[in-house]
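> The coiled coil annotation in TrEMBL covers 82-134. TrEMBL lists 156-225 with the feature domain 'Chromosome segregation protein Spc25 C-terminal'.
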Amino acid sequence: MANTKTEDEINLFEREMKEFWTKFKSIYGTEQINQTLALRDSCKESIKALSEKWSKKLKEGDMMIDKIQEYSDEILQQSQRISENQEHLTEIKSNLNQEEEQKQALTDSIQELKEELMKKKEIISSKNKAAKERVERLCKSKVLFEERLGLEIRRIHDEQLQFIFRHIDHKDPDKPFVFTLSINEQGDYEVTSCIPPLDCIAEFQLKVRETNNFSAFVANIRKAFTALSYK
């Protein structure tokens, strides 16, 4: 557009020069006309050179503007990519933070479970220790019970003790009267079987849990078997 404007101005200038030359020719002589023509040609050459120079400058300016616009578009695209990358990095950081929180929560849960398991192990170990101590005390009393009550004590499966009374039935002294005893998960005495069955066995079991008087418990069961033998 700038080039077109420059060419129009040149054409207008040439027309004005022709009109001036026509008027000038009618007034001045040949020599002066030749001098004027030379001056005119020199002006035309100068104008042409100047026109070509400015035309070239304008083209270079247009190319520079296009280049600047191209650089601007490229910078804008790079800015958009940087913005997108920043958003992506922010999202990744947020996900990493969430994963770290989940990892910490999982670690805390595992630690709580470990502590709870350790407590349960300690409780179970304590109960097992107490149960073994009771069984050992019962075994130590075996000789005393056998001598005084005609009692035989056997250790059977699952850490249970079997109590066998004899010399109860006067008609059949060798007839066995048997009950089986264990220590349950709560650490209490529990009668798991009784032959022949006694209606009062639950009462005796409750009483020994309350008093922890095991000798009285065994003696009461023997008395109940003896009473049953006379029926």
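Note that Cβ sites are derived from N, Cα and C of the backbone, with glycine treated the same way.
Because the structure is a prediction, the values reported are computed rather than measured.
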> How many helix, strand and coil residues does the domain 'Chromosome segregation protein Spc25 C-terminal' (156-225) contain under DSSP?
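Taking the domain 'Chromosome segregation protein Spc25 C-terminal' (156-225) as a whole: 26 helix, 21 strand, 23 coil.
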> If I take every residue in the coiled coil (82-134) and average their pLDDT values, what number comes out?
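Value for the coiled coil (82-134), mean pLDDT as a whole number: 82.
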